[in-house]
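*Asks:* Quick one: this structure, given as structure tokens, is what I'll be asking you about.
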Amino acid sequence: MITLADISKNFGSTRAVNEISFTVREGETLILLGTSGCGKTTTLKMINRLIEPDSGTISINGQAISREKPEFLRRRIGYVMQNIGLFPHYTVAENIAVVPKLLKWNKEKTRERILELIEKLRLPNDCMNLFPHQLSGGQQQRVGLARALVADPAILLMDEPFGALDNVTRSGIQSEFKALEELKRKTIVMVTHDVQEAFELADRICLMDCGKIVQIGAPKDLLYKPASEFARKFLDSQRLALEFKVVTIKDIWEFLPVNILRGKVNALSATTDVWSAMEILSSTLNDKVQLFSDPETQQTKVINFQELSGAFHSYKQTRSHD
Amino acid sequence: MIEQQQSLWSFITEQADKLLAQTLQHLGLTFISLLLAIAIGLPLGILIARRGKLAGSVLGVAGVLQTIPSIALLGFMIPLLGIGAKPAIVALLIYALLPIIRNTYTGIVGIDRHIIEAANALGMSKTQILFRVELPLAMSVILAGIRTATVINVGVATLASFIAAGGLGEFIFGGISLNNSNMILAGAIPAALLAVILDFLLSRVQKLDFRKLRKVLYLIPLLILLLGGFYLLPATYGSKLKAGFTPEFMGRQDGDLGLKSVYGLEIPTTVISDAVMYKAAYEGELDVISGYSTDGRLKAFGLTILKDDKGIFPPYYAAPIVRQASLDKFSGLEDVLNLLAGKINDSLMTDLNYRTDYLKQTPERVAKDFLIREGLYKSPRNGHAGIVRIGSKIFGEQYILAEMYRMLIKGNTEYDVSTKTGLGGTKICFDALMNDQIDFYPEYTGTGLLVLLQPDPRVAKEIAHDRNRTYSYVKTTFQKKYQIRWLKPIGFNNTYALMMRKKQSEALNVSTITALKKYIDRN
Ligand SMILES: Nc1ncnc2c1ncn2[C@@H]1O[C@H](COP(=O)(O)OP(=O)(O)OP(=O)(O)O)[C@@H](O)[C@H]1O
Ligand SMILES: [Mg+2]
């Protein structure tokens, strides 16, 4: 658990971070979202003491981090940089092995761990002895992630980790990232200015503006309960797409018609979001019909694309009357 | 050309021992100073990379040091460190410093700051960042600096011979003053080769990738130490007396060679430049030096001349040499120039030189004072009957003589005068005279004989010991060969001489070269 209490940081006359406080729960993914220059990176870097706050305290599991030697603190916090920052004079293996070396692991243990990560992160097997400049941008980013994960830190800080990638590569890595078992146990603080990415990956989003927190909460809250005009406007341009992503089958369950089951079809969980369901329906050859079941009530419904989109609109209508 | 090469080769084979010793000394000087420069420059470069505020001033100071002309820097070193290896190494070290500090600094500062940030974020300490990230990434830039420093040092180390620190400069500068191109080449070619080879080797090291570099980097300090070790100081002196001779003197029959063959004088000798030799003798760094008998510093530094009792130093009587055409053109010029004939003896000339060289009086004032004292001075007539062009070589005595002649001509004739002083060496002066760019300049009989006429060595040897025969030989030969007239000698003999401190000479009771030899043999 990470706690920031009344943290401020000035650079000369620029107030980069202005009295912010928040808590990141164990195993949670918190995403710092906001326009360029609003203090996201500064906030992130204060957590591993790359930047020292002017006032306020940061603690991890109740221990103030200012008590610990910065080097030791950083060795137990994974950090993925926007610019990747791989060492050009080290091979991939050596880059990943930096922290194990600092922690004085033996060679065998280090090697096994590197091989494990290379496989998990789907890096080519023969890349161990290549230098960073011999890899593609996406591969470099994976090596950066492997380097941060190698000592299995409980906390992972990520500064726009996918910022430098093209859209296709980015959504590929994003979904792999989401699926990565190793990350599910970790407390993650991630910075982005990409709203889609934030909604895709966050448990909670911390929306910032001019060094202050505008709103902190679950993606759905940001969408339907904006705390201010700024928060509402910030999401406006992508609202529809975000809603498709945030709303699940379960949310619109009551608006879906009940149909008779004919033949055998695949069942999807009701926690699937509307966006994914539409993607499946529009790509399937299976008579544009799929079956959904609600694990709690054990109900199943068979629907087609039109019925899905109709239910979504009815749901929206009732939300906006709330 | 072929003949030249063959004789160069034979010179090299003849002098192989000396050449090897000089090359090793040269390498030694270069690498000891390089090692020290790295030991100082690298930490300094790292420091200013860490504390940006210091960078400007440190680089500024190193830059200024770099711009001090090398000879001047060597000169500054002498009062502080004397002569020999120490001041030479310090001077070279100073030259090597700037490229090493600057490249270390730019190499480290130039590293992508995100990489340093990553190193920090992974939990490396400052020292770990320095050795694992900063130095390896800056290494090729730092090596480029070391490479530059090495090449500079190989070049500047040739000047070390000026202050008795040895190296290939002994041949180069000896050869230049002796007008012996084989000797120059025997020094210059190895020096150039050293620079090229070292530059090439370091460029290879620089291109190695980091992995191999790591291994090579451990070897480099060892290698440098080893090469530095070649420089064993000539510390095994047998006798208590030390001699310092100019490179020119070392190679001349009427110099060190004559001292060995005629007198059998064996004295531990270092090669040193004329500019610092007198001072070194004064300060007791050297006991016996080769000098010029009318040099003002003789007086300034309390030195005395040892009598050349076996007559190995030929006479160098000064006299104006004039184009016959000019004598015909400017009637009465000969009489005016002869006004100085026989007027200045050795000690008088030494005194006049002392005034300019040591008391820093202008040649003009010294000349005028002298003419007034001798009753020769007349106010200028400011005539315009034609311009007489006077030349002089580039040292004090010649400036004084040129001034005297200028005043005499302007006071006694209707002619105007232009002076072309400081015409480099003998060759330049004489060429100017032959090409009708000047009308006359003061020359020395010995120089006329041995440098300009260069007669058959047997002839030279026979006549060179007799002042009158030398004078009449150059006079008749110049007239015949060049239509140039030697007027009457001025009186002093500016010849080579061996000198000692007056006090030491009296204490040891050594006043002739033979006595010196006997003293050395006894001890
Ligand atoms: N080292 C620094 N020195 C001076 N000003 C700084 C420094 N770092 C950040 N700032 C300023 O502090 C403010 C916040 O910077 P920060 O890097 O935290 O923004 P950000 O939200 O990460 O922006 P971006 O999305 O563009 O990365 C900006 O106005 C920036 O100019
Ligand atoms: Mg940022």
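Just so it is clear, glycine is given a Cβ too, placed from its N, Cα and C backbone atoms.
All TrEMBL annotations are machine predictions without curation.
Below are the features listed in TrEMBL for this protein:
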{"type": "DOMAIN", "residues": "B:23-202", "note": "domain 'ABC transmembrane type-1'"}
{"type": "TRANSMEM", "residues": "B:27-49", "note": "transmembrane segment"}
{"type": "TRANSMEM", "residues": "B:61-82", "note": "transmembrane segment"}
{"type": "TRANSMEM", "residues": "B:88-105", "note": "transmembrane segment"}
{"type": "TRANSMEM", "residues": "B:135-163", "note": "transmembrane segment"}
{"type": "TRANSMEM", "residues": "B:183-203", "note": "transmembrane segment"}
{"type": "TRANSMEM", "residues": "B:215-233", "note": "transmembrane segment"}
*Asks:* Contact between the transmembrane segment (B:27-49) and the transmembrane segment (B:88-105) is defined here as three or more C-beta pairs under 8 Å separated by at least 6 residues; is that satisfied?
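*Replies:* Counting Cβ pairs under 8 Å, at least 3, so yes.
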*Asks:* Checking distant contacts: for the transmembrane segment (B:183-203), what same-chain residues at least six beyond its ends satisfy Cβ-Cβ under 8 A?
*Replies:* 8, 11-12, 15, 19, 22-23, 26-27, 30, 143, 146-147, 150-151, 154-155, 157-158, 168-176, 251
*Asks:* I need to check the long-range neighbours of the transmembrane segment (B:27-49): which residues 6 or more away from its ends have a CB within less than 8 Å of a CB in the stretch?
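*Replies:* Sequence-distant neighbours of the transmembrane segment (B:27-49): 55, 58-59, 85, 88-90, 92-93, 96-97, 100-105, 107-109, 130, 134, 142, 145-146, 149-150, 153-154, 157, 160, 165-167, 194, 198, 221, 224-225, 227-232.
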*Asks:* Given a Cβ distance threshold of under 8 angstroms, which distant residues of the chain, six or more beyond its ends, lie next to the transmembrane segment (B:135-163)?
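*Replies:* The answer is 26, 29-30, 33-34, 37-38, 41-42, 45, 70-71, 74, 77-78, 83-84, 87-88, 91-92, 95-97, 99-104, 106-108, 110-111, 115, 169-170, 172-173, 187, 191, 194-195, 198-199, 202-203, 205-207, 210, 213-214, 217, 247, 271-273, 275-276.
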